Amino acid sequence: MALIVQKYGGTSVGSPDRIKNVARRVASWRAKGHQVVVVVSAMSGETNRLIALAKEMQANPDSRELDVIASTGEQVTIGLLSMALMGIGVKARSYTGGQVRVLTDSAFTKARIVSIDEANIKRDLDKGFVAVVAGFQGVDEQGNITTLGRGGSDTSAVAIAAALKADECQIYTDVDGVYTTDPRIVPEARRLESITFEEMMEMASLGSKVLQIRSVEFAGKYKVKLRVLSSLEELGKEGPGTLITVEEDIMMEQPTISGIAFNRDEAKLTVLGVPDRPGIAYQILGPVAEANIDVDMIIQNVGHDGSTDFSFTVPRSEFAKATAILEQVKGHVGARQVTGDNKIAKVSVVGVGMRSHVGIASKMFRTLAEEGINIQMISTSEIKISVVIDEKYLELAVRVLHKAFDLDQVPA
Ligand code: ADP
Ligand code: ASP
Ligand code: MG
């Protein structure tokens, strides 16, 4: 007998029929004698609908009230799934985040889990119940409802698996695993048998939203065995999915590149004609940080004639705010001009094999050059290379890089 935590995302619980399918899948694991905790998302589209409703009341919704509203989607699903399970003779009981006591900090809309009280769930499991838990939500010390950021049910599931010391955490979604890149963009993308935590963290943080980044972080830290699988395949015919694991467990020789991630969530700002003197980066980025705006890539050019240009990227949603700040900064530091571009995209190649292979960057740059795609910014880490390009070339860039790195071929 094993203890399994299963998480079903929005599409997997997107209709009454799909919820009944989930119930049958859970029942099949119970029938094999396993204890099962199920973590569910809101039905697909529901969280977006709730947030849009809130915005009809306040253009910039109060974050405490927004969480009160956004968390309700999951509460509907736990009730429905529990009923579906009872309907086929499986004992089940639903839990909101507060009822489990998923304790979080008070950072509404992006709260972090502090602790999980596993006692209630354990008691129910021991009595033969399936515990059906609302993902994405928790409560803070004062009992306020909080949510964990978009895609946060993944993190709920992994955190509960860690707290219960579950044998495996299974993330059921609408694809049958983690692919070399988003299969919606590149049909030739391949499912990976396994991927390291480190690579999955990079992929998630660079835009592959198949798993919320914090869930991967959590799983790595608490050594939770994590697997991504499809909920849409016929019962009994599901494949092995993708195992997220530590590097040493991957026996085969690693391909140089494991995957390609991309996002359209950033915008670029440039301050032109900045006096080239010590402290200038701080004078520009200090006010941006004070306004709580995250800065990602940064480039300062070589100075000439006593001045230089300074570029960086921010979340696209903060573009207007950051531009206004820089207009102020321009006067203070004596810069010539502020320009911005919110039609950019970031494309990244990721792979632990990069540590032992040279020439990855030059191959990436050559491939893009051959398509006439201009690189605006570059950043690298030990296992990834990211470039910023014009958004209109994003899909082309991902496709040609996928081919150039042979990601459509099964590794020998
Ligand atoms: P859920 O609602 O189950 O949480 P998500 O929409 O959050 O599902 O995540 C699944 C989606 O992630 C897939 O439909 C796919 O389009 C997208 N995706 C992006 N990158 C990848 C990748 N590398 N591998 C698999 N899926 C990916
Ligand atoms: N329902 C939430 C969202 O849409 C959480 C999740 O699905 O993981 O972001
Ligand atoms: Mg998701």
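Cβ coordinates come from backbone N, Cα and C, glycine included.
Record features, source TrEMBL:
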- K7, Y8, G9, G10, T173, D174, Y179, R184, K209, V210: ATP binding site (BINDING)
- T47, E74: substrate binding site (BINDING)
- 269-343: domain 'ACT' (DOMAIN)
- 349-412: domain 'ACT' (DOMAIN)
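On a Cα basis, K209 (ATP binding site) lies 16 Å away from T47 (substrate binding site). A gap of 10 Å separates the Cα atoms of G9 (ATP binding site) and E74 (substrate binding site). With respect to ligand 1, the binding-site residues K7, G9, T47, E74, T173, Y179 contribute G9, T173, Y179 as residues with a C-beta closer than 6 angstroms to one of its atoms, given in sequence order.
Across the structure, K209 (ATP binding site) and E74 (substrate binding site) place their CA atoms 19 angstrom apart. According to DSSP, K209 (ATP binding site) is assigned to coil rather than to any helix or strand. Only T47, of the binding-site residues K7, T47, Y179, K209, place a Cβ under 6 Å from an atom of ligand 2. The binding-site residues near ligand 3, defined by a Cβ under 6 Å from one of its atoms, are G9, chosen from K7, G9, T47, E74, Y179.
In the shown protein chains, 24 other C-beta atoms lie within 10 A of the C-beta of T47 (substrate binding site). Across the domain 'ACT' (269-343), the DSSP tally of helix, strand and coil residues reads 29 helix, 25 strand, 21 coil.
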